[in-house]
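Trainee: Before we start, here is the structure in question, set down as structure tokens.
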Amino acid sequence: MNLKKNYFLAFIAIAMVPIFYGTFYPITKTLNENISIFWMIAFRMAFALIGFLPFVKKTTKINKKTLKLSLLLSSVFLIGVFVQTKGLQYTSAGKTGFIGGLFVILTPILSWIFYKTRFQKFLFFPILLVLAGFFIMFYEGSTIFFSFGIGEVYNLIGAVCIAFHIIFISKYLKEINIFTLTLIQIIINLIISVIIALFTELPFSFSIIQPLEWIMLIYLGIFTVTLTFILQVWGQKYIDETTTAIIISAEPIYATFFGWLFIKEIITWQTVIGGIIVFIGFILSIIIRNRGLKKIETKEISENSELEN
């Protein structure tokens with residue numbers, strides 16, 4: 001009974017993650033109108049750090065390896081957040097969410113290119129599905145054949161950064177305490193954001209920030225950084241990686257919904273149909289990749305058993 005209860009609670013915890021991620025897009029797009037990008041990231045990280053304080057006791061001693069990896073991950077993460085936030089100045093929250101979700105497809109491709117991991121040929125089908133879905137979403141008739149502008153380019157770079165972030169974490173996760181890694185990343189991102197903001201943006205003025213905007217910044221820090229991390233780490237104690245990935249891949253759907261709900265973005269039939277096709281492609285890629293990894297693990301176990309005998 002306790003196991004079933006834990007599984008149910010873990011499922012709810014994981015299911016909340018893409019919902020919180022989905023709200024990031026319309027809220028950030030709204031804040032973009034009054035707050036410059038790096039000041040926004042700095043305050044987001046500051047509030048995330050405050051939210052993370054109760055979990056500091058779970059961290060371990062910082063070593064050279066953890067620090068190096070944290071610097072690498074922080075750089076990739078910061079670039080990713082910057083280009084996504086910049087992209088939101090040019091395109092909708094919904095489209096940003098779907099393009100950002102491309103990390104699901106890009107992760108195995110980039111891992112194959114840079115780390116020579118096995119690439120499953122069956123992944124070509126979900127990749128084609130995703131491309132077809134995006135074609136439907138961005139097709140604008142005979143006058144403008146394909147409306148893939150600067151905002152979409154920024155978001156595509158963001159998806160690449162997310163994919164690399166996942167690849168690096170997967171490669172070194174077993175060797176490093178995840179709580180320590182996350183804490184250092186938050187601190188590094190906070191420091192770098194403040195430094196860049198001081199030298200490249202106008203001085204921050206507390207007087208121009210409205211109470212609702214402060215609430216949004218606090219929400220972005222605590223709910224879309226700290227809380228999502230805690231929910232996912234706890235949830236994955238009971239939920240397998242494939243189920244987790246499938247649930248989290250729903251993020252673009254929530255981004256589109258909240259974009260419509262909060263900032264009145266228009267959802268066309270093209271967006272709906274293209275979005276459904278893209279989402280199916282995401283799910284298929286996760287399932288296919290997981291089956292491939294299980295086959296590799298089974299083969300390795302079999303080979304090791306033969307060597308022992």
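Every residue, even glycine, has its Cβ placed from backbone N, Cα and C.
Under the heading domain 'EamA', TrEMBL lists 11-138, 150-286. Residues or ranges marked as transmembrane segment in TrEMBL: 7-25, 37-55, 67-85, 97-115, 122-139, 145-169, 176-200, 212-231, 243-263, 269-288.
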Trainee: Do the transmembrane segment (243-263) and the transmembrane segment (269-288) share at least 3 Cβ pairs closer than 8 Å, excluding pairs fewer than 6 residues apart in sequence?
Mentor: yes
Trainee: Out of 37-55, 176-200, 269-288, which stretch touches the transmembrane segment (122-139) the most, going by CB pairs under 8 Å?
Mentor: 269-288
Trainee: Could you give the number of helix, strand and coil residues in the domain 'EamA' (11-138) as assigned by DSSP?
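Mentor: Within the domain 'EamA' (11-138) the tally stands at 106 helix, 0 strand, 22 coil.
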Trainee: Could you check if the transmembrane segment (176-200) is in contact with the transmembrane segment (7-25), meaning 3+ Cβ pairs under 8 Å among residue pairs at least 6 apart in sequence?
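Mentor: Answer no, regions not in contact.
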Trainee: Give residue numbers and ranges for long-range contacts of the transmembrane segment (67-85): same chain, 6 or more residues beyond its ends, CB-CB under 8 A.
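Mentor: Counting only partners 6 or more residues beyond its ends, the transmembrane segment (67-85) has Cβ contacts under 8 Å with 28, 32, 37-38, 40-41, 96, 100, 154-155, 157-158, 161-162, 164-165, 168-169, 172, 176, 181, 184-185, 188-189, 192-193.
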Trainee: Which of 7-25, 97-115, 145-169, 212-231 shares the most C-beta pairs under 8 angstroms with the transmembrane segment (37-55)?
Mentor: 212-231
Trainee: Counting a contact as 3 or more Cβ pairs under 8 Å, with residues at least 6 apart in sequence, do the transmembrane segment (7-25) and the transmembrane segment (212-231) touch?
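Mentor: Yes, the transmembrane segment (7-25) contacts the transmembrane segment (212-231).
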Trainee: Determine how many residues of the domain 'EamA' (150-286) DSSP places in helix, in strand and in coil.
Mentor: 116 helix, 0 strand, 21 coil
